[in-house]
């Protein structure tokens, strides 16, 4: 069963990566082999990331199914042993991809072989292995120094000699904490950014707008730019390139207008408001659950995200509303993951990291796979820490050292609630704030939001209309 699940995830991941991977030019056979190996390792990592995302939803729905049909013959394969095995495999493969496979793929891709050795695959593998050993020694030294600074006692230092039982879980605990902090930064931004993204994907209602008139104006503008482009001499390359970029923008606006004009009344006036209301409800429920979890943390110590200590799989429902509550938890978990990915690529530091269809280098694909793996591995921990679900963390996910620290968990919940609220307030008051800045004459100081978030578009009379 585990093999079948992973095979499906691997196939889906392969199609996703090949969709974005840059089409290989004519290369030498050696470079083609290296790229193919790196592609397979990246696909494996992305499949592990998808498995880590599905851990909590699969476990929650399995628990409810076992409660509803305890003696059903056809679901005997679905038991606690399978769930625990999936959590252990996800933890093992996450460590393997993060510390071995992805560094190997990156160094293998960048390697050329040591000077003086015969060039070839073996020389590149040798250089990659040496780089991996040096990287492992560097990380080992960093963790030793950090352990000596934080917890300087003999027992702590001796435990680091136990590589498998303590050192790797301790290192993965640090990576998980970094992933949760990254989620804390990305998710609130993504929750507010989701409204803009869905607004770009859906057709908005046409209120006080004449699409025919706008289409006529854009058509005239396109024809005027085309005539100017035809009249420009081929020697003036920069002017021709600028006109071509302007023409592409006009064509893009014309395509969007044609799509809005062809959309049905149901799609314009019902789908868009319904999706926006649904996003607002899901975000509000998430913030409400986090606020309730803060109260639970203050009055009940059992609300702390610990390892498996409650009833086993299929013995009791972990949701107050039964199957409906479990379905709501699953929807919120997927919503948080999508929002975190959207927020990750919306941050200024990672803007140029966004993959492009058929134009993404292998190095950038490796970086994206590592980032998605860190986010997805931290998703079950974040969901349990924020109180989105009461399902206990199984396997190594429940052994993280920082999960038992009350102040870290409480601070994490408070920061998430405050940052999400501030991002939403900033999102929904941006138009009012910009109008106030214009009224006070402060609009020239550039105190407004990121221009990417403000949805301005030209109206029929040429003025800018802010929705």
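Glycine is treated like the rest: Cβ placed from N, Cα and C.
Since this is a predicted model, take the numbers as computed values, not measurements.
The following features are taken from TrEMBL:
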COILED    233-260  coiled coil
TRANSMEM  39-62  transmembrane segment
TRANSMEM  82-109  transmembrane segment
TRANSMEM  129-150  transmembrane segment
TRANSMEM  170-191  transmembrane segment
TRANSMEM  270-298  transmembrane segment
TRANSMEM  318-345  transmembrane segment
TRANSMEM  365-382  transmembrane segment
TRANSMEM  402-425  transmembrane segment
At an 8 Å Cβ cut-off, counting only pairs 6 or more apart in sequence, do the transmembrane segment (318-345) and the transmembrane segment (39-62) clear the bar of 3 or more pairs?
-> yes
Might you confirm whether the transmembrane segment (365-382) is in contact with the transmembrane segment (39-62), defined here as three or more C-beta pairs under 8 A between residues 6 or more apart in sequence?
-> yes
Could you pull out which residues elsewhere in the chain have a CB under 8 Å from any CB of the transmembrane segment (82-109), counting only those six or more residues past its ends?
-> 1-2, 5, 34-35, 37-38, 41-42, 44-45, 48, 51-52, 55, 58-59, 62, 124-125, 127-128, 131-132, 135-136, 168, 171-172, 175, 313, 362-363, 366, 369-370, 373-374, 377, 394-397
Taking every residue in the coiled coil (233-260), the average pLDDT works out to 70
